[in-house]
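Data first, discussion second: the structure below is written as structure tokens.
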């Protein structure tokens with residue numbers, strides 16, 4: 001699972017590199033597959049492992065997992081904007097106080113960053129908007145780490161996870177409700193438009209639940225079907241095959257008559273059934289886990305890395321291969337530094353805390 005997580009993070013990175021938007025599975029699908037991974041892992045932690053006796057312990061552990069690296073990147077971004085004299089601070093001067101407050105709070109606490117994508121400035125006032133791009137001022141540009149809006153959805157899931165994951169009936173009911181809401185939004189003409197496509201928590205909840213159901217139904221089933229040696233072989237074959245699938249995904253042709261629906265559906269179906277194998281593979285190979293440790297730092301820092309590279313190098317070379325290679329390499333190197341200097345140190349605290357919990 002570690003290599004797959006890192007490839008998904010790089011898929012998001014490449015979306016923000018001009019000319020490489022179609023690489024791997026793209027940004028939206030990578031994010032939604034991350035939601036499924038999160039659902040699987042949190043279900044494992046709370047339902048199977050039962051690591052935390054108190055809900056507050058679970059919340060604090062997830063806080064330590066997300067916030068320290070985020071705040072380091074946010075602080076470095078702020079310092080970078082101060083040095084480069086970015087227009088970032090001028091944006092706040094043009095906003096009403098309600099919008100500035102929303103941005104400051106969401107930048108500080110992460111909660112609500114996804115709601116920024118449903119906000120706009122109209123006639124000088126902060127209003128709800130079904131399209132965040134239809135705004136007098138690009139409100140999302142006030143986010144220090146703009147891609148961290150996905151963490152807003154993650155945090156929303158963490159809040160409700162302890163109360164829903166222990167009931168399979170409730171999970172299935174919420175899955176159907178989320179799917180029905182998505183179908184309704186599509187029927188009224190907004191469900192296929194950004195930000196409703198993958199930024200609205202009630203409709204994205206289905207992906208978290210799919211991950212949880214993959215854990216609760218399939219992991220036990222596979223353990224019963226396969227003896228240990230065969231399970232490990234199946235895990236290796238499934239993981240390596242899916243890595244290859246991610247690499248060739250952009251080149252898979254659409255099915256005649258149905259466009260890319262079949263192609264996209266197959267991506268999520270395969271991922272759902274293979275998740276337990278990915279998890280087994282990561283437990284078998286420490287290197288896979290170490291590679292996966294870079295996925296979050298890569299994701300959370302890549303916009304800053306791209307901004308710095310764009311400031312240092314001539315943008316005329318965007319049309320060549322150098323920007324992509326340089327960006328990927330820089331993101332990996334910077335992620336390794338974040339993981340070593342921040343994540344590993346915080347993980348020691350998390351381990352001690354989990355031992356007490």
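Cβ atoms here come from the backbone N, Cα and C positions, even for glycine.
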For the record in TrEMBL, which of the ranges 115-136, 137-158 is the transmembrane segment one?
137-158
Scan 49-66, 67-84 against TrEMBL and say which stretch is down as transmembrane segment.
67-84
Give the range, chosen from 88-105, 196-213, that TrEMBL lists as transmembrane segment.
196-213
With pairs restricted to those 6 or more apart in sequence, evaluate whether the transmembrane segment (294-313) and the transmembrane segment (29-47) have 3+ C-beta pairs under 8 Å.
no
Is it true that the transmembrane segment (325-342) and the transmembrane segment (67-84) have 3 or more CB pairs under 8 Å, sequence gap of 6 or more?
yes
Return the average pLDDT for the domain 'Acyltransferase 3' (3-336) as a whole number.
91
Quick one: find which recorded stretch in 29-47, 67-84, 137-158, 264-282 has the most Cβ pairs under 8 Å with the transmembrane segment (234-252).
264-282
Near the transmembrane segment (137-158), which same-chain residues lie under 8 Å Cβ to Cβ, leaving out any that are not at least 6 residues past its ends?
12, 31, 34-35, 38-39, 42, 58-59, 62, 66, 70, 73-74, 77-78, 88, 91-92, 94-95, 99-100, 102-103, 106-107, 110-117, 119-121, 199, 201, 204-205, 208, 299-300, 302-304
Count, for each of 67-84, 196-213, 264-282, the Cβ pairs lying under 8 Å from the transmembrane segment (29-47), and report the range with the highest count.
196-213
